[in-house]
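Asker: Pulled these from Swiss-Prot:
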{"type": "DOMAIN", "residues": "13-148", "note": "domain 'Obg'"}
{"type": "DOMAIN", "residues": "149-344", "note": "domain 'OBG-type G'"}
{"type": "BINDING", "residues": "155-162, 202-206, 278-281", "note": "GTP binding site"}
């Protein structure tokens with residue numbers, strides 16, 4: 001038996017998934033030459049992960065989006081060592097990445113309490129600097145929220161992702177028979193009778209050219225990175241975005257989705273993935289599905305029928321291929337079972353990999369003569 005529930009992701013109004021900030025460490029304090037006194041260091045700027053915080057709160061509370069730490073105290077007769085300037089903390093949600101304006105990754109905040117130094121304060125005046133202080137570090141940074149979910153639904157507009165999410169959970173994304181119905185991420189939770197929960201993220205539909213940010217592709221592709229597994233959702237009868245765009249068969253759709261992920265970030269194709277073939281209630285769906293099955297089984301031969309701009313360098317390997325109808329419920333019990341099975345298999349593999357890595361590290365630290373060799377993988 002399986003039942004469903006809903007998780008509400010958007011607690012506030014407009015969904016904000018990124019924010020750009022100006023941060024500056026405090027200037028150090030002046031030294032005192034005649035007594036050899038040291039000025040205090042300037043304060044630092046930190047980004048801190050805090051529960052129940054949203055990026056929208058930062059924009060609302062700090063419209064100028066400027067965070068400047070305190071200046072270090074000057075050295076004086078009363079205090080030869082000046083006090084450090086006051087630190088500034090920027091509270092942000094968990095599950096964000098922090099990058100510089102130049103695109104350099106500064107770090108990630110994945111758990112509550114995680115802290116990241118983003119602007120260091122300047123050193124106070126000292127004999128080494130002629131008792132003159134240094135200015136604090138100045139930079140613009142970007143905070144990007146990436147959804148953290150077990151599965152991310154990947155598909156072109158109108159593939160039925162929103163309908164599938166509704167069928168799998170009680171999330172209620174907007175559903176209509178036209179492309180781009182979903183314009184904001186939506187998360188649903190599937191709950192099983194033993195209280196196991198699996199989160200599924202419905203991401204806005206991709207279009208061809210998403211990897212170069214067409215249709216705000218980067219805005220949506222980045223969320224895929226923080227899902228454990230992917231779930232491709234494909235219309236069994238094919239897809240056409242508009243009358244002036246080419247019609248794509250179901251197999252072409254699979255290739256194009258893989259291509260877009262590959263061009264954005266190739267390692268995304270190494271994620272475990274389930275292929276869901278939706279709309280099996282439509283006329284001639286069975287014959288289309290049989291054709292797709294044959295093409296997937298003989299991908300090496302089938303891809304030569306398509307142009308190179310459609311074909312990814314690496315073909316996506318799907319752990320399961322499941323025909324369903326989100327409208328009638330056909331195939332959904334099997335899909336729910338496979339969703340859980342796939343996650344449990346990944347957890348087992350990850351646990352074993354971590355165990356092997358720890359053992360290898362232990363062997364490097366301890367002489368081989370002092371520990372038994374049975375059951376231990378040999379270091380490479």
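Quick reminder: no glycine exception, Cβ is built from N, Cα and C everywhere.
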Asker: Please list, for the domain 'Obg' (13-148), how many residues fall into helix, strand and coil according to DSSP.
Answerer: 13 helix, 47 strand, 76 coil
Asker: Quick one: give me the count of other CB atoms within 10 A of the CB of residue 161 (GTP binding site).
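Answerer: Total other Cβ atoms inside 10 Å, all chains included: 30.
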Asker: On a count of neighbouring CB atoms within 10 A, which of the binding-site residues 203, 280 is highest?
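Answerer: Of the binding-site residues 203, 280, the most buried by Cβ count within 10 Å is 203.
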Asker: Within 10 Å of the Cβ of residue 155 (GTP binding site), how many other Cβ atoms are there?
Answerer: 27
Asker: Tell me the coarse DSSP state (helix, strand, coil) of residue 161 (GTP binding site).
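Answerer: Residue 161 (GTP binding site) sits in a helix per DSSP.
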Asker: Inside 10 Å of the Cβ of residue 158 (GTP binding site), count up the other Cβ atoms and send me the figure.
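Answerer: I get 21 for this one.
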Asker: Compute the average pLDDT of the predicted model within the domain 'OBG-type G' (149-344).
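Answerer: PLDDT averaged over the stretch: 82.
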